[in-house]
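Features of the protein shown, as given by TrEMBL:
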DOMAIN    18-148  domain 'dUTPase-like'
BINDING   68, 69, 70, 81, 85, 86, 87  substrate binding site
REGION    140-163  region 'Disordered'
Ligand SMILES: O=c1ccn([C@H]2C[C@H](O)[C@@H](COP(=O)(O)OP(=O)(O)OP(=O)(O)O)O2)c(=O)[nH]1
Ligand SMILES: [Mg+2]
């Protein structure tokens, strides 16, 4: 059963009201954010698109502004800083930095179009404990492709922790 959380939402002062972000289906993780104005994203261009809404997240939560897969796959439209992070203390307008990755086609956005989605997540804050050396681990400093790209050989894969 999906948990729900009350999140205060207010229109941005001085702007025409925009509908609240909406979940398309029960159980969806992302609530679609609407464009508060019409604009055309030229091929290769980016724009900071207003959504007309501001929220007050409870302490201990953040919201991620993430791309919609359909816009990305069909039109090359993505969120440049994905996931954009909305802090719990932020009271300004949520804005979406859209990027048209297509090198040939402009993309027209109409006011009210669902341009990105907002995923609410619980967060923990670290208390950084400074030490001279870190404890050893199996991975060590390996990263950035250190495990290669062909499928894992049997015996190397582990299902530990996946239960
Ligand atoms: O896609 C985004 C990302 C951020 N924000 C808002 C909410 C967030 O709380 C604030 C600051 O975001 P971030 O910390 O990513 O930006 P910054 O460049 O570090 O700005 P600041 O110095 O204000 O923290 O901007 C958005 O509206 N959309
Ligand atoms: Mg910041």
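Count begins at 1; order follows the chain as displayed.
Using N, Cα and C of the backbone, Cβ positions are placed for all residues, glycine too.
Everything TrEMBL records as a feature, shown here on the structure.
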residue : record                 : DSSP (3 states)
68      : substrate binding site : coil
81      : substrate binding site : coil
86      : substrate binding site : strand
Residue 68 (substrate binding site) CB neighbourhood, other CB atoms within 10 A: 19
Cα-Cα distance maximum in Å, computed over every pair in 68, 69, 70, 81, 85, 86, 87 that the record assigns to substrate: 26
Filtered binding-site residues, from 68, 70, 86, 87, whose Cβ is under 6 Å from an atom of ligand 1: 86, 87
Count of other CB atoms lying within 10 Å of the CB belonging to residue 70 (substrate binding site): 10
Cβ-based isolation winner (fewest other Cβ atoms within 10 Å) among the binding-site residues 81, 86: 81
Rounded mean pLDDT for the residues that make up the domain 'dUTPase-like' (18-148): 97
Chain-internal residues near residue 85 (substrate binding site), provided their CB is under 8 angstroms and they sit 6+ positions away: 62, 63, 64, 65
